[in-house]
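Asks: My questions all concern the structure below.
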Amino acid sequence: MAMRQTPLTCSGHTRPVVDLAFSGITPYGYFLISACKDGKPMLRQGDTGDWIGTFLGHKGAVWGATLNTDATKAATAAADFTAKVWDAVSGDEILTLAHKHIVKTVNFTQDSSCLLTGGNDKLLRIYDLSNPDAAPQEIAGHTSAIKKALWYNNDKQILSAAEDKTIRLWDRSSMQEVKTLTFDTSVSSMEYMTDGDILVITYGKTIAFYNALSLDLIKSVEAPAPINSASLHPEKDFFVAGGDDFKLYKFDYSNKEELESYKGHFGPVHCVRFSPDGELYASGSEDGTLRLWQTAVGKTYGLWKCVLPEDLGAENSEQLYTSPPEIKA
């Protein structure tokens, strides 16, 4: 009897969910933040999806959200021309960083001392959070809006993707461009683990894996539909992807075979990420929900409870494990 994937649905947002990020593993578990066009980023317990709080203060759609490694700080990027830094324990706003246009992406250094931002004014900015009144360092070079920017190579470099169909690598100290990757269409997402040796990029229907040091292409996979986001499992066994056909796909990393696909949402999937322990992955969609999916279906983990086949009655023989169908937030 086949195991059936039962995602946990996290409600609460009222508009499309456009970005999500996990913290590292802390003494209190790990956490999940979501960015939404409703302007109200939410913090949740990562393994259950339970709502912890909502960061209130933005006056426009929130396009990007991130947590620092130990989940003590959050940062958000918004259409109100600001990035904000928050105390992720109390929910209080710490800083508002004014920009000249819509901000799309935020990323902390590993020690949380600096924040990187990027957006529609085509500039990368580095803010020293210990001296927030100081003017940020600015890096120019992209010719259209920046969609994603990440600290790279132990925070010595910066990687940015823009609507100009390029990904650019920058040296932090010299602020100079080191390398440019050019694509035939705009890059929809980038994923890079701080301890990882692989960069995951999506554009069009392509999911591409690059050597993080050389930025040479390792392999690429064509999906059945345009892909907006992909995430590689921490142990690099497989990867998941989501896009315009409302589905989530799971592929074997070594042989590139499609292992599973689920119609998981009622709208395009905008973002997907594995949890830091690799036990689940989260997806965010145009339908306004986040969903949590088990990596190993049927395992007891979080709110999923394994039920052995001999324990099942005839009335529920289709479902091999139980979980609440929806978490209300």
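Any Cβ shown, glycine's included, is placed from N, Cα and C.
From TrEMBL, for reference:
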- 55-96: repeat 'WD' (REPEAT)
- 96-137: repeat 'WD' (REPEAT)
- 139-180: repeat 'WD' (REPEAT)
- 262-294: repeat 'WD' (REPEAT)
Asks: Would you kindly list the residues that approach the repeat 'WD' (139-180) from elsewhere in its chain, counting only those six or more residues past its ends and only Cβ-Cβ distances under 8 Å?
Replies: 64, 102, 104-105, 107-111, 114, 116-126, 186-190, 192, 194, 199, 201, 212-213, 215
Asks: Over the repeat 'WD' (262-294), what is the model's average pLDDT?
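Replies: Per the prediction, mean pLDDT sits at 96 for the repeat 'WD' (262-294).
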Asks: Take the repeat 'WD' (55-96) and count its residues per DSSP category (helix H/G/I, strand E/B, coil), listing them in that order.
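Replies: Taking the repeat 'WD' (55-96) as a whole: 0 helix, 22 strand, 20 coil.
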